[in-house]
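According to TrEMBL, the feature transmembrane segment maps to 20-40, 79-97, 109-127, 133-155, 167-188, 200-220, 281-305, 317-339, 346-368, 380-401, 422-442, 448-469. What TrEMBL records for 27-473 is domain 'Major facilitator superfamily (MFS) profile'. Annotated region 'Disordered' per TrEMBL: 504-526, in sequence order.
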Amino acid sequence: MPGGGFAPAKAGGVEFEAKITPIVILSCIMAATGGLMFGYDVGISAMPDFLEKFFPEVYGKTQDPHLNSNYCKYDNQNLQMFTSSLYLAGLVATFFASWTTRNLGRKPTMLIAGFFFLVGVVINAAAQDLAMLIIGRVLLGCGVGFANQAVPLFLSEIAPTRIRGGLNILFQLNVTIGILFANLVNYGTAKIKGGWGWRLSLGLAGFPALLLTAGALLVLETPNSLIERGRLDEGKTVLRKIRGTDNIEPEFLELVEASRVAKEVKHPFRNLLKRRNWPQLAITIALQIFQQFTGINAIMFYAPVLFDTVGFGSDASLYSAVIIGAVNVLSTCVSIYSVDKIGRRMLLLEAGVQMFFSQVVIAIILGIKVTDISNDLHRGFAVLVVVMVCTFVSAFAWSWGPLGWLIPSETFPLETRSAGQSVTVCVNLIFTFVMAQSFLSMLCTLKFGIFLFFSSWVFIMSIFVVFLLPETKNIPIEEMTERVWKKHWFWKRFMDDNEEVAATGTIGDHSPKKGHSNGLDPASQL
């Protein structure tokens with residue numbers, strides 16, 4: 001990561017000067033702790049004492065050797081509802097979060113997320129029955145909705161263009177760390193005698209929740225948000241501070257112009273449906289659906305069974321958590337390093353080949369060697385399957401995991417950015433909810449075929465990337481229209497100049513002085 005200033009070239013010939021300042025790095029690290037909380041919630045799994053208290057039917061299946069199916073022992077609608085309630089609550093919360101993000105700012109929205117996380121953690125840790133447990137889970141879901149709305153926007157807006165991708169992926173890196181942390185905590189607390197270990201496991205989620213809350217208190221509000229809310233002087237001061245230079249006038253003028261155009265849009269959600277916003281909207285929706293249909297849930301859930309077949313026995317869950325979690329974290333670091341160098345498309349396409357191959361190999365081996373209620377997998381085949389699991393996880397971690405969030409956060413113009421992020425979070429949580437609610441039943445029905453099901457989706461999404469996903473690396477957010485959408489072979493047909501003039505209610509050149517192009521008004525380019 002370069003340490004000096006840099007200045008990416010702009011369409012209008014003007015360059016934005018910026019340094020990678022300590023305050024930017026610190027702010028992004030603190031904001032990205034929202035991913036740590038999300039990852040911890042995702043990584044919490046059922047322990048025997050937990051299942052016995054809240055899901056006795058599932059507990060009975062896990063203890064009965066005659067019902068201990070490799071594919072069906074956790075198939076229970078109540079357990080799936082407990083898992084998916086977090087995503088359903090997040091789905092509802094994201095609509096409120098869109099309003100707070102736009103009207104109150106990114107920082108207050110992160111604080112609200114921290115509050116929901118803390119209250120949810122307390123209720124979950126003290127839960128006496130399933131209803132109380134689900135209430136706590138719903139509050140955690142509200143925190144997820146607010147955090148996933150604000151954090152990616154914050155990271156995209158505060159980061160200099162050249163390293164925007166890498167800093168934004170800090171959110172996903174913290175998600176992977178949170179999952180690893182949760183799995184290790186679960187393994188340790190499961191050994192506590194007396195049946196209260198699960199309370200400690202749920203209660204320790206308060207640690208990342210406190211980090212997020214403290215981070216939200218310490219970070220600066222983004223200049224984009226301050227300017228959008230009319231606080232121009234404060235926005236200019238923050239911009240100068242985070243860029244580490246006094247030469248911020250070109251970027252400031254572009255942000256002011258983008259804010260002016262944004263304020264003329266009275267109904268951002270309705271504006272999303274305008275023809276000129278169809279490309280961003282279509283790609284955002286597609287990426288969220290594809291991310292959930294990569295099959296990451298199948299791989300992560302089935303990993304302990306695979307490790308058990310290798311011979312790790314009772315320690316299979318620990319080895320699974322450590323090995324898969326470490327691969328997840330390290331591969332996300334690869335994405336941070338490479339995303340702004342080789343680009344988003346290349347990572348997605350390479351990962352598509354890698355994920356497709358690994359899933360097909362896993363399906364073939366399991367289909368031939370493993371039945372529903374017995375493990376007949378030769379150690380050599382088992383090792384190969386574990387290698388394929390790690391191959392899949394690494395590909396997902398440097399591609400669809402982080403880029404599913406990064407690309408939507410950097411493609412919408414300011415006037416629809418909060419609404420666009422709401423759609424991103426909403427669609428992601430809808431399909432995460434669908435997968436969480438149906439995955440265990442699908443696993444029980446399709447068995448090893450579930451890996452073939454997901455590999456087919458990986459093939460489809462890779463074709464989508466080849467033809468319909470443009471490259472967005474090193475392009476300022478406010479210039480996506482001019483430098484990306486208007487030049488794409490397919491999406492350029494939706495960039496209707498007349499519609500944009502009608503939407504803003506003005507005619508003529510909207511670009512700031514000094515020949516600076518804002519990249520928002522196509523009429524200014526005529």
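Numbering starts at 1 and runs along the chain as displayed.
Just so it is clear, glycine is given a Cβ too, placed from its N, Cα and C backbone atoms.
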Answer yes if the transmembrane segment (346-368) and the transmembrane segment (448-469) have at least three CB pairs under 8 Å among residue pairs 6 or more apart in sequence, and no otherwise. yes
Seg_contact(the transmembrane segment (20-40), the transmembrane segment (380-401)) with at least 3 CB pairs under 8 angstroms, min sep 6: no
Criterion met for the transmembrane segment (133-155) and the transmembrane segment (200-220) (at least three Cβ pairs under 8 Å): yes
Residues of the same chain, at least six outside the transmembrane segment (167-188), with any C-beta under 8 angstroms of its C-beta? 24-25, 28-29, 31-45, 47, 151-152, 155-156, 158-159, 200-201, 204-205, 208, 317-318, 320-322, 325-326, 328-329, 332-333, 335-336, 339, 397, 401-403, 405-406, 409-410
Which one, 79-97, 109-127, 317-339, 380-401, 448-469, has the most C-beta pairs under 8 Å toward the transmembrane segment (422-442)? 79-97
Sequence-remote contacts (6 or more beyond its ends) of the transmembrane segment (448-469), Cβ cut-off under 8 Å? 282-283, 286, 290, 293-295, 298, 344-345, 348-349, 352-353, 355-356, 359-360, 362-363, 366-367, 370, 400, 407, 442, 490-491
Remote residues contacting the transmembrane segment (317-339) - C-beta distance under 8 A, at least 6 residues beyond either end: 165-166, 169-170, 172-173, 176-177, 179-180, 183-184, 186-187, 300, 303-304, 306-307, 347, 386, 389-390, 393-399, 401-403, 406, 473
State the non-local partners of the transmembrane segment (380-401) in its own chain: residues 6+ outside its ends, Cβ under 8 Å from one of its Cβ atoms. 172, 175-176, 287, 290-291, 294-296, 299-300, 303, 306-307, 309-311, 323-324, 327-332, 334-335, 338, 347-348, 350-352, 354-355, 357-359, 361-362, 365-366, 369, 461
